[in-house]
Amino acid sequence: MEPDNTPSSRLRAAGVGGRAVFFCMVLYCTCCLRLAQAQSADVDVLQRLGLVGKRPPQGFIPIKSGVILTTRARIDVPVSSVIPVSLGSTFSIILSVCSHRINNAFLFTIVTKRKRLHLGVQFIPGQILVYLGQNSSVNFDYNVHNGQWHNLALEIQGQKVTLYTSCGNTSIQANLDFQNEETLDSEGSFRLGKMSQNSVQFEGAICQFDIHPSAQAAHNYCKYIKKQCREADTYRPNLPPLLPLLPLDPNRSTIQTPKVVTDINERHLSLTRDKMNINHEGQTTVPPMITQPTLQLPLQTTAQTTASIRNRTSQISPKPTQQNRKKAKKERNKLHILKEHQISVTDSPTSQQQNQVDIPTTTTPELSSTFRVSEMTTLAAQRPLPKETSFFEAKATFFESVTPAAMDGLQTFDLEPTQYSLLELTGLKGEPGLPGPPGPPGQPGLPGKRGPRGPSGPHGKPGPPGTPGPKGKKGNPGISPGRAPSGIKGDPGLVGLPGQPGQPGRKGQKGHPGPSGHPGDQGIRGPDGSPGAKGYPGRQGLPGPIGNMGPKGVRGFIGIPGIFGLPGADGERGLPGVPGKKGKMGRPGFPGDFGERGPPGPDGNPGEIGAPGPVGIPGFIGDMGPVGMVGPPGLIGPKGVPGNPGEPGLKGDKGELGLPGEPGEPGFQGDKGIQGSPGLPGVQGKPGPQGKIGDRGPDGLPGPLGPEGFPGDIGPPGQNGVEGPKGNAGVRGIPGPGGLPGLEGDQGPVGPAGAPGLEGRPGRKGISGNPGEEGMKGEPGMTGNPGMLGERGPVGFVGPFGEMGLAGEKGDRGETGQPGPPGEKGAMGHPGAPGERGLSGPAGAPGPHGSRGLSGTRGPKGTRGARGPDGPVGEKGMMGMKGPEGPPGKQGLSGQMGKIGETGEAGPTGFTGVQGPTGPPGAKGILGEPGPQGSPGVLGPLGEIGAIGLPGKAGDQGLPGEPGEKGAVGSPGNIGEQGLIGPRGDPGVDGEAGPSGPDGAKGEQGDVGLEGESGEKGVIGFKGTEGRTGDPGLIGVKGPEGKPGKIGERGKPGEKGSKGHQGQLGEMGALGEQGDTGFIGPKGSRGTTGFMGAPGKMGQQGEPGLVGYEGHQGPQGSLGSPGPKGEKGEQGDDGKVEGPPGPSGDIGPVGNRGDRGEPGDPGYPGLEGVQGERGKEGAPGVPGNSGPRGFPGPKGSKGNKGPKGKNSPRGESGNRGSPGPVGVPGPRGVIGREGFEGEPGLDGAAGKDGAKGMPGDLGRDGDVGLPGKPGPQGNAGAPGLPGVQGSFGPKGERGITGHSGPPGKRGLNGGMGFPGKQGDQGFKGQPGDAGEQGFPGVLGIFGPQGPPGDFGPVGIQGPKGPQGLMGMQGAIGPVGIIGPSGNPGPQGDKGNKGEMGVQGPRGPPGPRGPPGPPGLPAVAFSHENEALGAALHVFDSRSALRSEMYQDTDLPLLDQGSEIFKTLHYLSILIHSIKNPLGTQENPARMCRDLLECEHRLNDGTYWIDPNLGCSSDNIEVTCSFTSGGQTCLKPVTASKLEIGVSLIQMNFIHLLSSEAVQIITVHCLNVSVWASEDSKTPSSSMVYFKAWDGQIIEAGGFIEPDLLKDECWITDGRWHQTQFIFRTQDPNLLPIVEIYNLPSTKPGSHYHLEVGPVCFL
């Protein structure tokens, strides 16, 4: 035998060893290939979508830890480009996300080509919803919307869905009762961040989004979390104060031990469909303790533990302690998550025996290993830890050990010392194990990529095929290249025999994309995204303990709209309230004309800090450390995160005048300045154009109690009161006047036999008749004479009624009987036909002189009186002195009466209340005593006409009763049926003349009669005697408007009474109707001249009177002395409107009477003259006969303007006119738009130093140690993550001014810092020195109207300015609200007598003008066209000026430039109103959400919308719920019907503009079931089902099911119950519900009725 060391034996040994090595290599390569294939099958969704590059699509912002989705993010790609179609029903989804906005958005959805949902994950507040198909979903109680990073995994394995958190330690499982057999549609679409185009967008950051085809990946998903996602994880605890981030020390070991969680809150699951029963279970898995001697730790175990670092050896125990329980419970209540703690220690050569941590094992104690940990040499050496702190929390970042575990003895490697990135512990070198038996070949794997050419092996004999072995567990992922340890170099193998060339292998399939590469460098910051859509409001949570005031919360979840409540009862009138605070600024009105630029205002306070920018990634909050020695300057680090804003500095010195800047943004309105001292009178400016009517000022203090007000409007009729007891008989009333003759009654029964009549006179003897023929045989003879009167017999029985006898002849008219008892009041008869007007009665005798009556209301316009005689020539007055300048006048008189406002629309009808159960009948009460006579009730509603009763039997003739007293007035009976029109009655007897009635209402204007002949001059009457002075009467309450009385005769004029005392001002009575014209009485004698009366209030402008007769020409007055020259008056308004009549000129001398001229041709009728002064009352003329109505004459042309007359003397003050009627308040003006912001005020002066703050609480940290020596210069550190903005420290005391440093170089422009917190408002600084005159800036946008300033002292009256140019005619403004009447002003001094004017000659009548052009048709402007119509009105006024052909050349031309500018201004307002609707019927919005986005301070209520923005005739009145995110709610026509009064087109637009809808339908039932049966409590066969708007059927167990809020109708206990159905869907086309089927049939004792709630769209 050859020895073993021979070459052949060595060759055999080498061959055996080489085959073993080759087998191991093949096995290792196979494992690696399997691992690579498994990893290659994983899908990195972000990489597939192209979101991890330097330039992501629009709407995505790249960050170091992933990508941020904004509202502009749009990802909708085919599924095949993201997920392999071969993905089965078992896979895992690993997510690392952070939500920035609370809403109900989907993270992703996979939709089939038929737009059906296949797979989707939705984050709602407090829950995660996973959709598997269109109708199946499951939700987990897990809150993602808390602003922190969340690492989680979802395992989907057939019918089972499991949510893993805490690195797999916590899982919640849900099972579905059906198998989702739908496969992935290759033609479907993948959407990221939303479900559909109209749904809400997910706003937040995504660091990792991977899909693994294996369900095992979710069990320990932390192994697959990327590095940058771990660093961004905010579940890890923050660093303690005064400890910065630890550097990545290669000598540091990071240990993490699991903690047994003893109590975990049960996770609740719920399904949205009733047919899915889910078995949920809460389980907690704890990874096993470490058993390998190489200290292989789990990657990231999110359990919780507490360890202590002591000076002695300490053992980390996995058992829970009391401290652990308390802290775990606290953290669970706070965040509902499990946090991680770890211990970080470093090796040090100083002490290697002091600290040692033993890691015990759980299964193999003999393999436990020990490693040593030394004291920390980091910052803890410079500053000791607090005594109470036994550990500190550091960033929980873990990496897997790079030492692979031994593979159950099948393979052995010589191990080098283990290399760690953070775990640098060298394991023991293992002994080589025995070679194990070859395993069976595994299942064929996927064809891999073509590998490098391997060495040629020996040709072995083909072995028998083995049975396929079981699938091995997935191995741990390999270590990244460069970090893996190099294996022990093996012995060189022998050179193998050259193998035969193998057949070329088949071409491998294209592999899946490889794993994602290392994260790239920080990309360029993309543009800021558009603001995101408003999220759905969250559901209301359970009330927690009262915490500190938090930040402004997000909008709440869409609530169920409540039932509209009934209006409450009217409350009692409260006491007058305290004057309220100044109200908020009203909406600005229409813009006024542009005024001149005012002087610059004082420096304003600093404005508010702007809104904060987008929230950055939260960093770790570090506190300020102790000040150390100044070290050498380090390298320039990267640009840091902008710091917090500093304290505002002191106001600097005034700089030099700079160049004019760009026009600034409108600033906020400055505070009201301090009242300045009165300045000198300025130069009189040009009068500006007339301004708009200003906003109503603040309400003044309550004035004294006014006079008694007018009676209020008649209120609505109250409910019928309880019938009161019968009242006592009233006093017999005065017999009323005789009524009209009634209809002829039916023939009455035969009356009793009348008394025998008086014996008549004997008749005349008749004429002898002819002898008669022989008569027939006579009848038996008549009964003989009665015998003697016998005794009275007994009363016999009542005999039967005899037959009705024949009607006898009409008897003579009997005497008038006694008045019978008053009969019952008959039914209200129908009003009779109006009677004809009676003749005027004869003139009555003149009555006695009456006392002076109260001041009557203003009568109608009288007819033109006859021309009176010439008055005497007045004496020449003395020249008056020029009076002193009067004080400024008080508030002017009230304006003209406003237009009558339109009647408001009826309010919405409230929902019908639920009918209460009928109560049991009460016990009969004791008969009460008759109560006092009640006040007459309100007229009750008319009852229905009763059916005609059967005729009763005729009673016996009653005895005539005694005349009864007059009964009380009965309640009005029901309206009887229409009776036949009776015959016209006889004319009544002329009654006596009644008293004079009040003035009747003004009648319509009658036809113009022919001009009567001039009457003869009446005789001058005698002067009456003066009456006595009457007492002033009290102010009477306004009585009801009386009916016009009969026309009384005109009484003789009474004697003139003496002047009475001035009575109190009576209230304005209602305008009476115009009565008929009375007879003209004789003219009274001229009375004596009364005293000068007090000036009365300004009366309303009377109607133009009839043109009076031309007066006689008076004598020529003497020429008065010229008065002082008056000041030149201001130019008046445009003369298009008739001006007030000028004073009458002096009467000229009477000329000689000329010869009678020839009658001239009839002149053209002139224009209607200006209302002349009322002439003296002429003598009454004889009334002429009414002539036929003449044809209207043609309108004459306007005559030439006559010469200007001389100023006549000022007439005496007229008598005090009666106050005009109070006008009806006009319609409320349209609320104007919110004005633009004003220009920013100047910076205010620096505030004074604040007071020294209170000393803070003593911190738990120890004293600060002595500063250490300066350390060596460190290398430039990597830029850290941006930290969360720290809390503002207390304001320090003002330091002493330091020495001025050397001037530094000009630095680079710094980045935009975060906006600082708004500082306390400083005291108002002293006004600064006036600056130099700057260049005129660009005209800014008009700011809102400021608050009214305090009234300053009256300044010195300035000189009168020059006459201004005529202003343009402004646009017609809205009718203002009629203001209260002002107090009458004091009586002014008598004015100076004017200069005598020269009387001008009377001009001839002008020629007749041509007929005018036809007028334009009327145009009904809507609200949107008001401004445009006003602009057109401005231009039409210019054309009117040209058409009327004024000859006055003094009128200035209109400024076309300013007119065009004003038109453009109106057009801009019009466009603004279209873009920003008000929600009124004239200016509707498309949806309520538009109003919410345009106006942020609207209240919930009724608004108008027009979804199709078409004609205003189909506008919809809706209820807007802005507190629910801008819901648009459509109410049904009635609360018990499903009909909604919206057209089909408008409803289609509402569906297009909405993304979700909700509606509630309630069925009120009594002993009847509509859903569940009483036995099974499950939907019965007789349940109702619904028809949606698009025709789909909604029923239990169907494709779409209704949700139940309450189902109590199965209870049949004789009481009313209800079942509430809620329909909430993200397909708005389903609502509203249009029909309900299978409603139950009611039986005796069972009822139901519907209550249909509004349908709300969002």
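Sequential numbering from 1, following the chain as shown.
Each residue, glycine too, has its Cβ placed from N, Cα and C.
When the candidates Cys1520, Cys1609 are compared with Swiss-Prot, only one is recorded as disulfide-bonded to Cys1565, and it is Cys1609. Of the cysteines listed (Cys1511, Cys1520, Cys1529), Swiss-Prot assigns Cys1520 as the disulfide partner of Cys1488. When the candidates Cys222, Cys229, Cys1656 are compared with Swiss-Prot, only one is recorded as disulfide-bonded to Cys1529, and it is Cys1656. Scan Swiss-Prot for N-linked glycosylation site across Asn135, Asn1567 and the hit is Asn1567. The secondary structure of Cys1488 (disulfide bond), as reduced to three states from DSSP, is helical. Most buried of the disulfide-bonded residues Cys1565, Cys1609, Cys1656, judged by other Cβ atoms within 10 Å, is Cys1656. Shown in sequence order, Gly1479, Cys1488, Leu1491, Leu1492, Leu1498, Asp1500, Gly1501, Thr1502, Tyr1503, Gly1526, Gln1527, Thr1528, Cys1529 are the residues of the chain, 6+ apart in sequence, with a C-beta less than 8 angstroms from the C-beta of Cys1520 (disulfide bond). Here the disulfide-bonded residues are Cys1488, Cys1529, and the one whose Cβ sees the fewest other Cβ atoms within 10 Å is Cys1529. Take the CB of Asn1567 (N-linked glycosylation site) and look out to 10 A: across all protein chains shown you find 19 other CB atoms.
Classification of Asn1567 (N-linked glycosylation site) by DSSP places it in coil, neither helical nor stranded.
Cys1609 (disulfide bond) carries neither a helix nor a strand DSSP state and counts as coil. Cα spacing between Cys1656 (disulfide bond) and Cys1565 (disulfide bond): 25 Å, rounded to the nearest whole number. Model confidence over the domain 'Collagen-like 5' (685-744) stands at 69, taken as the mean pLDDT rounded to a whole number.
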